[in-house]
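K.L.:
Annotations per Swiss-Prot:
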type	residues	note
TOPO_DOM	1-93	topological domain 'Extracellular'
TOPO_DOM	115-124	topological domain 'Cytoplasmic'
TOPO_DOM	146-168	topological domain 'Extracellular'
TOPO_DOM	190-211	topological domain 'Cytoplasmic'
TOPO_DOM	230-276	topological domain 'Extracellular'
TOPO_DOM	298-327	topological domain 'Cytoplasmic'
TOPO_DOM	349-368	topological domain 'Extracellular'
TOPO_DOM	390-435	topological domain 'Cytoplasmic'
TRANSMEM	94-114	transmembrane segment
TRANSMEM	125-145	transmembrane segment
TRANSMEM	169-189	transmembrane segment
TRANSMEM	212-229	transmembrane segment
TRANSMEM	277-297	transmembrane segment
TRANSMEM	328-348	transmembrane segment
TRANSMEM	369-389	transmembrane segment
């Protein structure tokens, strides 16, 4: 099930075939000098993991037919087979560069504003970490996507071997690691806000800046350890072919021997993807949906209490409750936008696992397209957070204006300011201010 490619996730699988069908290769005589590719004729298959004599990456290349073939039944890596070109070219080649620029600008502004001393709060620290990870998720694969799809080099065999390794690291492993950190930070953000709103006394102990920093470091470490085997589970062997009339060294992909000898291909990939679908996709989404519902219910109760305080003319407490509700609402919106982009990925990933391990029912050609679209909309959601912060956080807007328009443009009445998560930093006290 080694199917991770492109920005975040990309399956190149289809209904499984018999071992005889798996080993069937296109006639090498069909290969023409210069390696002219047909238009997107990739064949998508699921290997028989019971037959461990068949090396998985070898098989993955062989099923591509002519676009993966080389003489003497040796295949090499070419990206034309990895993605449906009718979708990959417009999404990755033409739209993604614009999204990359917008994401870099918007998330850089978020980091710049949230890193100011006046914005230094525990949850702002988590929001800043999310912005950095989302930005890196897009930056790492950008050079490869531009080269392959924007500049139209997808039909060429990837070479030399060092380029194959770099492409795998920056287009598969690093984006997956950064996205995993972002998912877990989003979960930490929701848990932290739930503690603030529903268990305020605990926030004094658990939601301090040192604890949040340690938690962020642990999350980054766990995400790195989760992806660490992926740096070493494949071996790229040099293979010389004739390309455009000249010898060219390309990549022949094999599963590393330590996977075969100590774990087994079946167990290795099953464990990796089961962990990912459970702890990166399904469980975080389920917990986030639950916390969002609980936070919304708590916010409704606080709104009723605010009306009571207003009738009793207790304006100071009324203002504190209003600001807390505004902060909670903003974080609910941030998490909801994340869930809208993440849940489809979780669903398709779970369906892929079930179809591969239990009962085969998934149309992998359609799943390929769905994953590409969900990847695209996930990246599309990244710049939206900047608009949410500007629209729903007064102090974010004030700090932004102070940075770019000067202090004269910033309003002087700090008593009405509230931070993204922790209330006002001067006159108004909330449960979060004392942290």
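All residue numbers here begin at 1 and follow the chain in the order shown.
Backbone N, Cα and C atoms are what each Cβ position is placed from, and that goes for glycine too.
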K.L.:
Six or more residues beyond either end and a Cβ under 8 Å away: which residues meet both conditions relative to the transmembrane segment (328-348)?
P.N.:
8-9, 123, 127, 183, 186, 189-190, 193, 197, 277, 281-282, 284-285, 288-289, 291-292, 295-296, 298-299, 302, 367, 370-371, 374-375, 377-378, 380-381, 384-385, 388-389, 392-393, 420-421
K.L.:
I'd like to know if the transmembrane segment (125-145) touches the transmembrane segment (369-389) in this structure, counting it as a touch only when three or more C-beta pairs sit under 8 Å and are separated by 6 or more positions.
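P.N.:
In contact, yes.
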K.L.:
Sort the residues of the topological domain 'Extracellular' (146-168) into helix, strand and coil with DSSP and give the three counts.
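P.N.:
Per-class counts: 13 helix, 1 strand, 9 coil.
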K.L.:
Based on Cβ pairs under 8 Å, which of the stretches 94-114, 125-145, 277-297 lies most in contact with the transmembrane segment (212-229)?
P.N.:
125-145
